[in-house]
Structures are given as C-alpha cells and as structure tokens.
Amino acid sequence: MRIAVVGTGYVGLVTGTCFAEVGIDVTCIDIDEKKIENLKKGILPIYEPGLDEMVARNAQKERLSFSTDLAGSIQGCGCEAAFIAVGTPPGEDGSADLKYVLGVAREIGRNMTDYMVVVTKSTVPVGTAQKVRQAIEEELEIRGVDIPFDVASNPEFLKEGAAIEDFLKPDRIVVGVASEKAEKVMKKLYKPFLMNGHPLIFMDIPSAEMTKYAANAMLATKISFMNDIANLCEIMGADVNMVRKGIGSDVRIGNKFIYPGIGYGGSCFPKDVKALIRTASENGYQMRVLQSVEEVNENQKSVLYNKIHSHFQGNLSGKTFAIWGLSFKPKTDDMREAPSLVIIRKLLEQGAKVRAYDPVAMEEARHILGDTIEYGKDEYEALIDADALLLVTEWPEFRSPNFAVVSKLMKDKVVFDGRNIYDGVDLSEKGFSYYGIGVKKQTQQTEATVKL
Ligand code: UDX
C-alpha cells in the first residue's frame, strides 16, 4: 500500500512514520523546505520519545520519504489514501482556521490522477470533510476530469510524549466514511494496528468529526472539575489527594485524568474547547459546561502564583524563584499554552527573578521568554539561593530529588508544588514550608507554634 501524508507537524509526522513502521510506503509532504531538508537528514521538528529512531529506520528502508512537492507526490502516485494533517490555528474568534486544510484539498484536486480516499486527520470542525469534498470537486471540474474519490474523517487521539505507543496500540480508531469503498481502504490501512483487540469504529463523517471534540472536551471537563474540587477542598480543610482516590475507585468515574494541578495546556485542549464553544454558538447553542471549564482553567493557571503572593505578603520584588519544568506536561518540549508562562510572567511583573530548568523545553522556552529569565544547567543549579521552589511540570526526574541537597542550595525552604507530586508532611518534617493544590499548607513553623 502507498499513502501520502500532508503536513509534517506533530500529527502528520507521527502518523506517516507509524504507517511506514508497519510496512506501508509513505510520502510525507510539507511546504516548509527547511523542515523537509532537516527531516531528510534525520533532524525532527519536534521532540517525541522514540520518533527519531523510527524515522531513521523507515527512511533507511525507503518506506518513508519526505518531499516539498505536493503536486508531484500526488500525480500518478498510486496512493490509496492522502491524509491531511496540516495546522488548524485558532482564528481571532476562536474558530479553527481551515485555510491550510482546504488549500491542501484544492492542490490534491488539481493533481490527483486515480481514485483515493482523502482523509482529514487534523482536528477540524463538524462539516469540514464536506468542505474538503467540495473543494476537490471544484478543482476536478475546472480540470474537466471525472476522477472518483472519497473523503473520510479520522481524528487522532495521540498524547504528546506517548504518541507512538498511542498510534501503534490505540484504545480505538475512529473513522467517518460515506462509502463502502472508503471503508475498505481504511480497514486495510489500519488492520496492522488492531492486534490488541481494540476496535476500529466506523461511523458517519459528522459523528467522527464530533467525536474528537467531545473526547477532548470531556477530558478537559474532568480536569477543570477536579481543579474546582481541589480549590474547595482547601477552603473546607479536606485533602483532594484523598478525595481523588475516594472517587477514582468508582469505575463509573475512573482514576484517570482526575489529577488537579495548575490547569491544562498544550495544543489540543485549550484550542478544541474554544472551538467547540464557538461552533455551538454559531449554531445557536450555548455550551454552558464548557464555558465554565474554560473559565476555571484560566483561573487555575494563577492559583500557584496566588499562593506565592500570599506567602511572601506581596513582597516579590528581588526574590528569586526556582522553577522545575516549563513544558505544559512531561516528556515534551511543547510550550503552547503552558501554565508556566502565566506564572513566570506574573512573577516578572512583580520584579521577581526566575531561574528555570526543564529537561527538554528550555530551547523552546527561550524562543518565547528570551533572557527575561535565567536557565539552570540542571535542577539543582536552578535552586541556588532561591527563595522558593515551584514544581510546575511533573517530569519523572523531579519526583524524588535529594532534599538534603535542595535544602542546602536554597536560601529559604519553601516548595510550591503545582502537581501534588511531593508528600507535604514529609517535606515539613524536613523543614520545608509546603504548598500543594487542594491540600492543607504544611509548615514546620505551624507545628512549632502549635506546640508552644
Ligand atoms: C490531549 C489528549 O489526551 C489527546 O487524546 C488528544 O489527541 C490531544 O490532546 P495532550 O495535549 O498531548 O493530549 O496532553 P494530555 O496528556 O492529555 O494532557 C493535557 C493537559 O491536561 C496537560 O496540561 C496536563 O498537565 C493536564 N492534565 C492531565 C491535568 O491537569 N490533570 C490530569 O489528570 C490529566
């Protein structure tokens, strides 16, 4: 089988490489010449564990190739499917901008020579596949040719940092089709990925498009709900870590995605929640739950800063804050909508100094923050003479630091744990003041005062 994947961003590159991995001939296409030039040399535009070796292996076996020539890659290519995986940046009003998706559809229409299934892989609003179909039809009409084709919608559910695993062993694959022929092609393509018995679910195209938004909106809702509960736990003197365990063991609720923190970030949740609210309102419906999900999330990004502000009684000027973790979540260098940015900007506004360390996202952060903050060589260097440590991203290497060393390096022993990865009681016994999310503040001082 042969396919084309247009767009070598996160989704396109993982999709193309994983299809090549199971023996399909894949051409990945992008208009960005530099990106393609780099990919040919094995230099990837993103960080994703394991992806570089997989790209190299498949390129070497000549199952995976890269090109900037969309027209040439489509004409007479013998592709059974062409995946559109280009960006859908949010427009000013929050709706997904489809100019790249439809531009690619037109170019495919201008150049296709045989039947193929044109698959939308980018996250696109309900109705987009229909627009893709129209764009291709118009181009075929201009050419005066009658080449049969189908459109399909095949949303991705990849998590950054675990994308290869998610693609190779998916929980489910959702495909929206409108013909048996397209269903047959998609079945053949995905057969190698169904070994773990999880389903390939076929449905109509609008339902497939909606499934992606509904999945992300539901997950974002779980997070904002737990963040709201965490904030209330603090007020009421409850411990959200306990409440989480208590509710998570109910199988109807489940124990995943109920970790409170400093708000969700990344390329998907914020964008998709906004887009769904927008689509609904354009169609005369108000997504009340999602509006609150978004509001709670914006608020949550400031929660850690508010604790810092109150601990230091507003005197942040000249203080140094060590930050562990910058990316929106571990195992990625992605800084899009990262809560770290909100916290850092607030600290800088108050005249504080920030020294951050992240295992992979510092280069990406430097593009955004430049030299407004310092960057540590490692997590310990970031701590030197710091007035407080802020744990912002729960990278595995931050989980069990040597607190004796931490304590020696810092000026003041205060930890603000934005992801609840440390044990507050344990830290207070080690002489730290500890602030988590949705848990009681722990300080040795308080205990001493109580004893007096
Ligand atoms: C998400 C979806 O999981 C994926 O299916 C979709 O295709 C794209 O969007 P991703 O953005 O890579 O993937 O990250 P994910 O691991 O889902 O985390 C999203 C955000 O939620 C992160 O900021 C994370 O810190 C936060 N989160 C997650 C929580 O705050 N609490 C949780 O319990 C889980």
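Backbone N, Cα and C define each Cβ position, glycine as well.
Cross-referencing GLU160, GLU234, GLU363 with the NAD(+) binding residues that TrEMBL gives (ASP30, LYS35, THR88, THR123, LYS271, ARG336) picks out GLU160.
Of the residues proposed, LYS99, LYS307, LYS319, LYS329, the one TrEMBL records at the same substrate site as PHE157, LEU158, LYS159, GLU160, LYS212, PHE257, ILE258, TYR259, PRO260, GLY261, GLY265 is LYS329. According to DSSP, the secondary structure content of the domain 'UDP-glucose/GDP-mannose dehydrogenase C-terminal' (322-424) in residues is 36 helix, 18 strand, 49 coil. Listed binding-site residues: THR123, LYS212, ARG336. Those with a CB atom under 6 Å from ligand 1: none. Of all the Cβ atoms in the protein chains shown, 22 others lie within 10 Å of the Cβ of THR123 (NAD(+) binding site). Taking the Cα atom of each, LYS212 (substrate binding site) and THR123 (NAD(+) binding site) are about 7 angstrom apart. Cβ neighbour density within 10 Å is lowest for LYS159 among the binding-site residues LYS35, LYS159, LYS212. In this model, the domain 'UDP-glucose/GDP-mannose dehydrogenase C-terminal' (322-424) carries an average pLDDT of 97. In the structure shown, across all protein chains, PRO260 is the one of the binding-site residues PRO260, GLY265 with the greatest number of other Cβ atoms within 10 Å.
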